[in-house]
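Annotated in TrEMBL:
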- 12-58: domain 'Fibronectin type-II' (DOMAIN)
- 57-105: domain 'Fibronectin type-II' (DOMAIN)
- 62-88: disulfide bond (DISULFID)
- 76-103: disulfide bond (DISULFID)
- 110-158: domain 'Fibronectin type-II' (DOMAIN)
- 115-141: disulfide bond (DISULFID)
- 129-156: disulfide bond (DISULFID)
- 165-213: domain 'Fibronectin type-II' (DOMAIN)
- 170-196: disulfide bond (DISULFID)
- 184-211: disulfide bond (DISULFID)
């Protein structure tokens, strides 16, 4: 109905999410799929007043691993970005296709601030996200140059929160129920959790993982 014109007018793809934000009287601390088919967030703390929003991520997911300048990357990297912003290829071979997008962060204690690369953790220099020191093996980054000093961090995007192939990245596109999927899909059962296959053919291999849906990791439910 009439809501969509307002959605279209408010779209701000270039701006970062603002957490927490209010929508329909509820407070959100992470991207949500309420009323949309894809995760979104407000780019203002008061969505009710400003109606500014964006999709979380972009339609093309990161592809891991990807090749850039002949080197293989398994997570977002800030290499060669003038502003130090983490990015990923949206194709297995950036050298060939030249397709990429910036990575968005979530969680942590930095209100969705971007990763800072390189950063210092336990006196070591890190040039990409790491799972060092994370009990669950989730990848994270510092959002300031010196984590030891500032203790500010965020989870990295496109990392894994469950499934039977933990630590494996999504394989896009993948075949599920004889259909080809280019993005994470919802399980269509009790929850709205998004998942993906970690091999090109789920029907054959049955390997999967949850996609990063911030704030949903600890829900449990069932």
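Just so it is clear, glycine is given a Cβ too, placed from its N, Cα and C backbone atoms.
Here the features listed in TrEMBL are placed on the structure.
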residue: 62; record: disulfide bond; CB count, 10 Å: 25
residue: 76; record: disulfide bond; CB count, 10 Å: 29
residue: 88; record: disulfide bond; CB count, 10 Å: 25
residue: 103; record: disulfide bond; CB count, 10 Å: 22
residue: 115; record: disulfide bond; CB count, 10 Å: 31
residue: 129; record: disulfide bond; CB count, 10 Å: 27
residue: 141; record: disulfide bond; CB count, 10 Å: 31
residue: 156; record: disulfide bond; CB count, 10 Å: 25
residue: 170; record: disulfide bond; CB count, 10 Å: 28
residue: 184; record: disulfide bond; CB count, 10 Å: 23
Spatial neighbours, same chain, of residue 196 (disulfide bond) - Cβ under 8 Å, 6+ residues apart: 170, 171, 172, 174, 181, 183, 184, 185, 208, 209, 211
DSSP-derived helix, strand and coil totals, residue by residue, for the domain 'Fibronectin type-II' (12-58): 4 helix, 14 strand, 29 coil
Across the domain 'Fibronectin type-II' (57-105), average pLDDT on the 0 to 100 scale: 76
Tally of residues which DSSP labels helix, strand or coil - the domain 'Fibronectin type-II' (110-158): 4 helix, 15 strand, 30 coil
Cα-to-Cα gap, residue 129 (disulfide bond) vs residue 115 (disulfide bond), nearest whole Å: 8
Around the Cβ of residue 211 (disulfide bond), the count of other Cβ atoms that are within 10 Å: 25
Cα separation, residue 115 (disulfide bond) to residue 156 (disulfide bond) (Å, whole number): 8
Those disulfide-bonded residues, out of 103, 115, 141, that come within 10 angstroms of residue 88 (disulfide bond) at the Cα: 103
